[in-house]
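Engineer: Dropping the structure in here first, questions after.
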Amino acid sequence: MTAIQQFFKTFFLTELLKGLALTGRYTFKRKFTVQFPEEKTPISPRFRGLHALRRYENGEERCIACKLCEAVCPALAITIESETRADNTRRTTRYDIDLTKCIFCGFCEESCPVDSIVETQILEYHGEKRGDLYFTKDMLLAVGDRYEKEIAAAKAADARYR
């Protein structure tokens, strides 16, 4: 580009006019706005929200205390303690997730060999104190029991891609 062409581009502010033209084009287009609490957009089956622990159909918890989720968690948000039962199977005595540390990466769900820990599609939860976002085993099992139908439906919808 010659110096004269560069001078005219700078003098006539062509880059500025191109930017204003682009802005003007989008100014009159129809907007897409969702009034959030009343309206909700569909959520992907792969959405990673609140954690839950699942049970088998007979009521026994699925977690076998392999601690893969604890090992793979990059944020170190999962704490597991386990004991051996009388029938020589290992089960968790403590399973805690600190949601203030969790980055919702989904590695815990992917590493679980028995689909015990899942991330639900629940995105509306809060805590007024820091301790409210510290979920214990009983709290996670309660979430899993309450939303088992939705969890199973999301797993079934996503099964073809796994």
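Including glycine, each Cβ sits where the backbone N, Cα and C put it.
Source: prediction; values computed, not measured.
So Swiss-Prot lists the following for this protein:
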| type | residues | note |
| --- | --- | --- |
| DOMAIN | 54-83 | domain '4Fe-4S ferredoxin-type 1' |
| BINDING | Cys63, Cys66, Cys69, Cys112 | [4Fe-4S] cluster 1 binding site |
| BINDING | Cys73, Cys102, Cys105, Cys108 | [4Fe-4S] cluster 2 binding site |
| DOMAIN | 93-122 | domain '4Fe-4S ferredoxin-type 2' |
Engineer: Reduced to three states, what secondary structure does DSSP give Cys105 ([4Fe-4S] cluster 2 binding site)?
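Structural biologist: The three-state answer is coil.
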Engineer: Starting from the [4Fe-4S] cluster 1 site formed by Cys63, Cys66, Cys69, Cys112, give every other residue of that chain whose CB sits within 8 Å of the mean position of their CB atoms, in sequence order.
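Structural biologist: For the [4Fe-4S] cluster 1 site the neighbour list reads Ile64, Ala65, Lys67, Leu68, Glu70, Ile80, Cys108, Ser111, Pro113, Val114, Ser116, Ile117.
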Engineer: State the residues, same chain only, that lie 6 or more residues beyond the ends of the domain '4Fe-4S ferredoxin-type 1' (54-83) and have a CB under 8 A from a CB inside it; answer 'none' if no residue qualifies.
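Structural biologist: For the domain '4Fe-4S ferredoxin-type 1' (54-83), the list is 89-99, 101-103, 105, 107-118, 141, 144-145, 148, 151.
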Engineer: Can you tell me how many other Cβ atoms are located within 10 Å of the Cβ belonging to Cys108 ([4Fe-4S] cluster 2 binding site)?
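Structural biologist: Cβ-Cβ neighbours of Cys108 ([4Fe-4S] cluster 2 binding site) within 10 Å number 24.
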Engineer: Using the Cβ centroid of Cys73, Cys102, Cys105, Cys108 as the reference point for the [4Fe-4S] cluster 2 site, which residues of the same chain not in that list have Cβ within 8 Å?
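Structural biologist: Along the chain, the qualifying residues are Cys69, Val72, Pro74, Ala75, Ala77, Ile78, Ile97, Ile103, Phe104, Gly106, Phe107.
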Engineer: Can you tell me the mean pLDDT for the domain '4Fe-4S ferredoxin-type 2' (93-122)?
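Structural biologist: Taking every residue of the domain '4Fe-4S ferredoxin-type 2' (93-122) together, the mean pLDDT is 94.
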Engineer: By CA distance, which of the binding-site residues (Cys102, Cys105, Cys108) lies nearest to Cys69 ([4Fe-4S] cluster 1 binding site)?
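Structural biologist: Considering only the listed binding-site residues, the nearest one is Cys108.
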Engineer: Going by C-alpha positions, which of the binding-site residues (Cys73, Cys102, Cys105, Cys108) is nearest Cys63 ([4Fe-4S] cluster 1 binding site)?
Structural biologist: Cys108
Engineer: In Å, rounded, how far does the Cα of Cys112 ([4Fe-4S] cluster 1 binding site) sit from the Cα of Cys73 ([4Fe-4S] cluster 2 binding site)?
Structural biologist: 12
Engineer: Within its own chain, what residues at least 6 apart in sequence put their Cβ under 8 Å from the Cβ of Cys66 ([4Fe-4S] cluster 1 binding site), listed in sequence order?
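Structural biologist: Cys66 ([4Fe-4S] cluster 1 binding site) has long-range Cβ partners Arg90, Pro113.
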Engineer: Give me the long-range Cβ neighbours of Cys105 ([4Fe-4S] cluster 2 binding site): same chain, 6+ apart, Cβ under 8 Å, in sequence order.
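Structural biologist: The answer is Arg48, Pro74, Ala75.
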Engineer: For a quick check of understanding: among the binding-site residues Cys63, Cys73, which residue's Cβ has the most other Cβ atoms within 10 Å?
Structural biologist: Cys63
